[in-house]
Amino acid sequence: MNSWTGLSEQAAIKSRQEHGANFLPEKKATPFWLLFLQQFKSLVVILLLLASLLSFVVAIVSGLRSNWNFNHDLIIEWVQPFIILLTVFANSLIGSIQEFKAQKSASALKSLTKSFTRVFRNGELISINVSEVVVGDIIFVDAGDIIPADGKLLQVNNLRCLESFLTGESTPVDKTIDSNEKATILEQTNLVFSGAQVVYGSGVFQVEAVGIKTQVGKIAKTVDDSVTKLSPLQQKLEKIGKWFSWFGLGLFAVVFLVQTALLGFDNFTNNWSIALIGAIALVVAIIPEGLVTFINVIFALSVQKLTKQKAIIKYLSVIETLGSVQIICTDKTGTLTQNQMKVVDHFCFNSTTQTDLARALCLCNNASISKDANKTGDPTEIALLEWKDRSQLDLKTYYRVYEKAFDSIRKLMTVVVQKDNRFIVIVKGAPDVLLPLCNNVQNEVKNIENLLDQSAGQGLRTLAVALKVLYKFDQNDQKQIDELENNLEFLGFVSLQDPPRKESKEAILACKKANITPIMITGDHLKTATVIAKELGILTLDNQAVLGSELDEKKILDYRVFARVTPQQKLAIVSAWKEAGFTVSVTGDGVNDAPALIKSDVGCCMGITGVDIAKDASDLIISDDNFATIVNGIEEGRKTFLTCKRVLLNLFLTSIAGTVVVLLGLFILGQVFKTNLLQQGHDFQVFSPTQLLIINLFVHGFPAVALAVQPVKEKLMVGSFSTKNLFYNRQGFDLIWQSLFLSFLTLLFYSLGIIYAINNRDLQTSGDLINRAGSTCGFFILGASAALNSLNLMVDKPLLMTNPWFFKLVWIGSLASILVFLLIIFINPLGLVFNVLQDLTNHPVLISYSFGGVILYMGMNEVVKLIRLGYGNI
């Protein structure tokens, strides 16, 4: 590559001070207060606010009736709407905090995926952050780059840029160094614009505008990367939440009318408020208030964990899809291998010397190594520069006048360099492509191919080089350009070693255990790919490897290694697996990988070697370019989905059980104990709305967070894994019987508590005290059982047969929730607020009922697990 002087560091600093920095103002983040207000658009929140409003109405009416005599009942009625409001605000606060963090994460993602560009400074080509580009800089770009600033071209080599974001035209623009005074600025082919994609060739330009002074800055067209994508699970939960809400609203109306009728219209002025409170309790019981909030928190925690593990997730939804990946189409170089290229062997043809071979490979090269050993460019080209002492190659006497960039279809790179009055055409690329273009190897082709096979058989990459000399060259002569890569003289080839990563073999084995099929797609020689694939365990049979040129699209699913593949073939491979119903992940780092990355379910771009276009097309950026990181991401995706299911099962358990208890309590037990409970006009609902809110939101909070951070003991990477079904393997059946059994226990001990109170001299004087005695038992049983149910969900075998230390975080979360209940029922001020019996310590029978119900629930689960353990999957 020709050298340009560029700016000095002092000149760059001065230019930045004069013309500004190279960045566009980011889209203004939504302020926290607005995020908080947006939470109130949710149907669930609206229903809870309505419940709170109606509770206020009941409290006001009760106050008017009692002449504002704030006895126990009136205090409870006034506290209740505030508790509902507190719950709504707490839930909304958690949601808004999560969205605020998501905004920050989107901003952090931009900093984690910073773009770099190559610039000439002080006569050296170096890599700098795009934001450090200044007016006057001389920039080098090639295929895959994003133009970092507006500028005028100084040199082009078949440069084509996609500028559709400015012009609306989807066809790439051929760039020249010639200006057209009659054309508009956007039609000037000698100009490049910030944000344009280089889809072919290379070029050098001088920066004329940066930041907001660029064309894209003037029209304020900023790209917002923080797009919100909902995963299939999140979409299901939104629908479930709406269904619960509408169902709850319908039941609210029915229950209010039916209960009013049961209580009697003759005393409607008193009975309507009792019926209304019962209907409100039912709505609160049905709606799983923490549904979306808990799941979003779990997803966010997983994203943070993966970021620390070098996997940068663009969208929360990617986590779930990762967990269901069945096919990984991976590159070889840099992903499965170390990407630490080194020339380990060479072959010089005829009279070619090592110096001739090295010089040709350095001249046909776009990498650079600065004086302070900073390396810029493709690892293969850097390895070629490092092979020999460049100071002995006399490279500065050659001046590049033309370049035909490498592409994955031709598999060649061509440059024309001038020395004195000679123009030397140098072509490097795949040996099997280059040899037929040479006219001096007719009788030696077989011998050369044998040598190449020997190198490939050792897992080495081979790169050949050839040249020819011209005494006249005109890059505007299309006929001469078309003939550049013909009638060449073969110089020889080099063999490069890029050993597999140590962790790749373990990751491949992990994939196979998890029923994930790893597939290698590479541009390398078939034998080289086969050797590496066998070493890593990807390939077991030779007939599972195929050349792209020999690929039969009907048999794509039969192969595990694809060599010498074009971008179109890579896209066809991905499409074939997707059409067969598989969830496919693809890795890529080049501009030509973008279609396959977009087509796949999870596109993974390499963070180190990946070009900007590939990063834009991907869902996940692997910042260490390591295949094992993808496998870690899949495992985390599986864990996240499993955790979400456990949290949902627990939420649905209390929603179903709570709804059954409230309904049966209103229409059956209420009638059974009507005489006792209606003394002094008191209602007879099993639970108050505030008790149900504590169970549905706060009690689930501790176990939900614990489940999210607790390492799982399941062998997640053994066997297939599906995220299509929310519940499977008995889970739906278990949810139903557990909910009904818990409902039965809650109602049973509620009834026993009432019977005890009726027969107790201290309690029988008040219908309210009688109801609270039963309600306290039911409240503790439902809440504590739900808290401990998180432990049930962790293992299929009885808890008594497991080591508690394995799930210590879930134990802590569950016990923390139970502690909340104990505080409520044993501390008088809290008991008053949540309508439980205040002097519970004086009634050990009720305490035994409360703990007995929980023990029976957990005991039944242990018995069922024990039976299944002994008699198989029933």
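Quick reminder: no glycine exception, Cβ is built from N, Cα and C everywhere.
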- [ ] Validate this pair against Swiss-Prot: R65 and K715, same side of the membrane or not.
- [x] no
Task: Protein Cβ atoms within 10 Å of D589 (Mg(2+) binding site), excluding its own - done: 26
Task: Region pair the transmembrane segment (645-664) / the transmembrane segment (727-749), three or more CB pairs under 8 Å - done: yes
Task: Close approaches to the transmembrane segment (238-257) from elsewhere in its chain (Cβ under 8 angstroms; 6 or more beyond its ends) - done: 42-44, 47, 230, 275-276, 278-280, 282-283, 286-288, 291-292, 655, 663, 666
TODO: Quickly jot the same-chain residues contacting the transmembrane segment (80-100) by Cβ under 8 Å, restricted to those at least six beyond its ends, or write none.
DONE: 30, 32, 35-36, 38-40, 45, 48-49, 51-53, 55-56, 59, 284, 289-290, 292-293, 296-297, 300, 688-690, 693, 697-698, 833-834
TODO: Looking only at C-alpha atoms, tell me how far D589 (Mg(2+) binding site) is from D331 (active site, 4-aspartylphosphate intermediate), rounded to the nearest Å.
DONE: 9
Task: Candidate ranges 42-62, 688-708, 727-749, 771-790 - greatest C-beta contact count to the transmembrane segment (804-826) (under 8 angstroms) - done: 688-708
Open item on the list: Within the same chain, where does the topological domain 'Cytoplasmic' (709-726) have neighbours whose Cβ lies under 8 angstroms from its own Cβ atoms, ignoring anything closer than 6 residues to its ends? I mean 6 or more beyond.
Closed with: 232-233, 236, 301, 320-321, 323-324, 326, 510, 513-515, 631, 634-635, 638-639, 641-643, 645, 648, 794-795, 806-810
Open item on the list: If I restrict to non-local contacts, at least six residues apart, and a C-beta distance under 8 angstroms, what lies near D331 (active site, 4-aspartylphosphate intermediate) in its own chain?
Closed with: M520, I521, T522, T587, G588, D589, M606
